[in-house]
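Okay, so here's the structure we're looking at.
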């Protein structure tokens with residue numbers, strides 16, 4: 001089934017499998033199993049009521065007939081009905097391919113986590129007077145913070161790059177400075193080169209964040225999308241833990257050389273990866289989009305159906321603009337874009353104020369204030385990374401089982417209650433001698449807080465990948481990450497001053513209020529996106545309502561009032 005004679009990255013991944021059209025590879029085992037997986041039980045009500053359906057297993061015949069019919073003839077109701085009966089989820093092979101591509105991105109996410117934790121490895125060794133590049137506290141503060149200052153630069157540039165050349169080329173381009181940054185650090189002969197290496201690596205991390213999240217959102221099927229988008233945060237935490245572990249055993253130059261391994265491996269893996277089908281379909285590359293979708297879904301019929309939806313929506317957008325490309329700044333005034341932007345940016349502010357990253361940055365100081373014990377900094381860093389990694393993995397697993405709204409509500413409530421408990425504990429113990437029991441209680445409360453609040457860490461990437469419309473998703477994602485990183489840098493820089501003014505108990509009270517506020521915000525505004533297609537989510541935001549509770553409810557025993565996998569609806 002040769003689609004095009006041109007050679008493309010998709011050709012390297014696509015295995016022509018004509019047997020898919022002749023066997024059960026594209027078909028579920030039974031109607032009941034298919035209904036359970038997709039939630040589309042109502043699409044075959046008429047078939048189930050017929051005597052033939054009761055006496056035989058019509059799924060195979062109906063699906064096979066659908067696969068042999070030309071499904072996209074306008075005005076043909078029978079063929080549209082057949083199209084609806086095509087399996088709406090990937091085959092086992094397709095799921096494996098999605099996981100394979102995600103693994104390539106996970107290598108890159110781990111590579112991004114390593115520069116974040118490298119300062120904790122580098123600074124203690126450079127403070128040693130015997131080092132050839134020994135530093136003072138002032139230079140150490142610059143080495144630690146310049147990475148965060150450089151990250152927004154990469155984030156700002158990532159949007160136009162991935163919208164112009166694609167998600168995959170954007171990632172390949174971003175890996176080059178990451179590798180170069182590690183080489184600069186490993187071979188540095190001056191403080192300037194150390195700073196330059198940190199800046200280059202920081203720009204690369206900023207360049208990678210948005211394309212990685214967008215690529216995973218656009219290649220994943222609805223039932224897997226949440227976990228696949230959240231998985232990089234697990235890998236990111238693993239990268240931090242990895243650099244801490246290497247730093248505890250090796251010299252900082254050896255660790256820097258070790259940091260070049262993951263960028264190289266991820267470059268090779270992503271080089272052979274297919275481009276996002278969404279980007280290909282929206283850039284007049286239908287043949288490549290079909291190849292990519294066939295590989296990702298494991299079934300040509302499902303790929304053809306999905307490609308039809310992508311091209312149909314893109315053509316509708318062009319008709320709305322009289323055939324002209326939509327203007328970026330003008331698009332920002334559309335209701336379907338304003339709503340998700342409000343939700344995402346408001347959550348970013350509340351997430352940062354809830355201490356998601358501040359407690360990681362200042363874990364040693366905070367635990368010292370709570371328990372009063374001297375703690376080895378590298379041990380505290382490793383412990384924090386382990387806890388964060390474990391809970392990030394847990395939340396990614398929960399994304400497969402729980403609705404988004406339920407998970408984030410429980411995360412916010414747990415985070416808020418933990419913060420209030422910490423503030424109350426510190427208020428009660430204020431002015432009293434600190435005991436080993438204080439350290440134990442403080443450690444338990446901090447671990448509970450980190451465990452609950454980690455749910456917030458996975459949400460920004462998921463919301464950016466799911467809530468933004470396709471026509472602006474690439475451009476605006478980079479700018480959103482830029483704003484987020486600038487806010488994070490400002491709050492982290494001002495943390496010591498806020499701590500001096502509010503004391504630690506006051507800070508945790510602020511963390512608790514922000515956690516409760518984030519839960520309330522998402523409870524009111526965030527739609528339930530688990531199991532829904534990106535098209536359905538985009539259509540939901542086109543409606544007038546702002547509050548999720550005002551949506552149009554259909555059916556019973558459903559998630560958030562609609563069947564999982566069914567279109568989101570709202571009152572007009």
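Quick reminder: no glycine exception, Cβ is built from N, Cα and C everywhere.
Taken from TrEMBL, the feature domain 'Major facilitator superfamily (MFS) profile' applies to 99-530.
Taken from TrEMBL, the feature transmembrane segment applies to 99-121 (among others).
If you look up TrEMBL, you'll see 141-158 (among others) marked as transmembrane segment. Remote same-chain residues near the transmembrane segment (141-158) are listed as 115-116, 119, 122-123, 126, 135, 170, 174, 194-195, 198-211, 477-479, 481-482, 484-486, 488-489, 492-493 (criterion: CB distance under 8 Å, separation of at least six residues from the stretch ends).
Distant neighbours of the transmembrane segment (170-189): 105, 108, 111-112, 115, 118, 122, 133, 154, 158, 161-162, 196-205, 207-208, 211-212, 215, 252-253, 256-257, 259-260, 263-264, 266-267, 270-271; these residues of the same chain sit at least 6 beyond its ends, with a Cβ under 8 Å from one of its Cβ atoms. The transmembrane segment annotation in TrEMBL covers 170-189 (among others).
Annotation source TrEMBL lists transmembrane segment at 195-216 (among others). Within the chain carrying the transmembrane segment (195-216), a Cβ under 8 angstroms from the stretch's Cβ atoms is held by residues 102, 105, 108-109, 112, 115-116, 119, 142-143, 146-159, 161-162, 167-168, 170-171, 173-178, 180-185, 188, 225, 228-229, 231-232, 256, 276, 461, 464-465, 473-474, 477-478, 480-482, 485, all 6 or more beyond its ends.
Residues or ranges marked as transmembrane segment in TrEMBL: 228-246 (among others).
According to TrEMBL, the transmembrane segment annotation covers 252-273 (among others).
Long-range Cβ contacts of the transmembrane segment (336-360) within its own chain (Cβ-Cβ under 8 Å, at least 6 residues beyond either end) map to 366, 384, 388, 412, 415, 419, 446, 449-450, 453-454, 456-457, 459-460, 463-464, 467-469, 472, 476, 480, 483-484, 487-488, 491-492, 495, 507-508, 510-511, 514-515, 517-518, 521-522, 525-526, 538, 541-542, 546. The feature transmembrane segment is assigned by TrEMBL to 336-360 (among others).
What TrEMBL lists as transmembrane segment is 380-401 (among others).
Remote same-chain residues near the transmembrane segment (408-428) are listed as 354-355, 369-370, 395, 441-442, 445-446, 448-449, 451-456, 459, 503-506, 508-509, 511-513, 515-516, 518-519, 522-523, 526 (criterion: CB distance under 8 Å, separation of at least six residues from the stretch ends). The transmembrane segment annotation in TrEMBL covers 408-428 (among others).
Same-chain neighbours of the transmembrane segment (440-464): 210, 213-214, 217, 226, 229-230, 232-233, 340, 343-344, 347-348, 351, 354-356, 359, 363, 366-367, 370-371, 384, 387-388, 391-392, 395-396, 399, 404, 407-408, 410-415, 417-419, 421-422, 425, 473, 477, 480-481, 484, 511, 515, 518, 522, 526, 529, counting only residues six or more beyond its ends whose CB sits under 8 Å from a CB of the stretch. Per TrEMBL, the feature transmembrane segment maps to 440-464 (among others).
Through the fold, the transmembrane segment (476-495) approaches residues 145, 148-149, 151-152, 155-162, 206, 209-210, 213-214, 332, 337, 341, 344-345, 348-349, 352-353, 357-358, 361-362, 460, 464, 468 of its own chain, all at least 6 residues removed from its boundaries and within a Cβ separation under 8 Å. TrEMBL lists 476-495 (among others) with the feature transmembrane segment.
The transmembrane segment annotation in TrEMBL covers 507-526 (among others).
Within its own chain, the transmembrane segment (380-401) is flanked in space by residues 117, 120, 223-224, 226-227, 230-231, 233-234, 237-238, 240-241, 244-245, 248, 360, 363-364, 367, 407, 411, 447, 450-451, 454-455, 457-458, 462, 530, which lie at least six positions past its ends and keep a Cβ under 8 Å from the stretch.
Tertiary neighbourhood of the transmembrane segment (99-121): same-chain residues 143-144, 147, 171, 175, 178, 181-182, 185, 198, 201-202, 204-205, 208-209, 212, 215-216, 219-220, 228, 231-244, 246-248, 252, 255-256, 259, 262-263, 265-266, 269-270, 273-274, 296, 377-378, 381, 385, selected by CB-CB distance under 8 Å and a gap of 6+ residues from either end.
For the transmembrane segment (228-246), same-chain residues at least 6 beyond its ends with a Cβ under 8 Å from one of its own Cβ atoms are 98-99, 102, 105-107, 109-118, 120-121, 212-213, 216-217, 219-220, 254-255, 258-259, 262, 378, 381-382, 385-386, 388-389, 392-393, 395-396, 399, 457-458, 461-462, 465-466.
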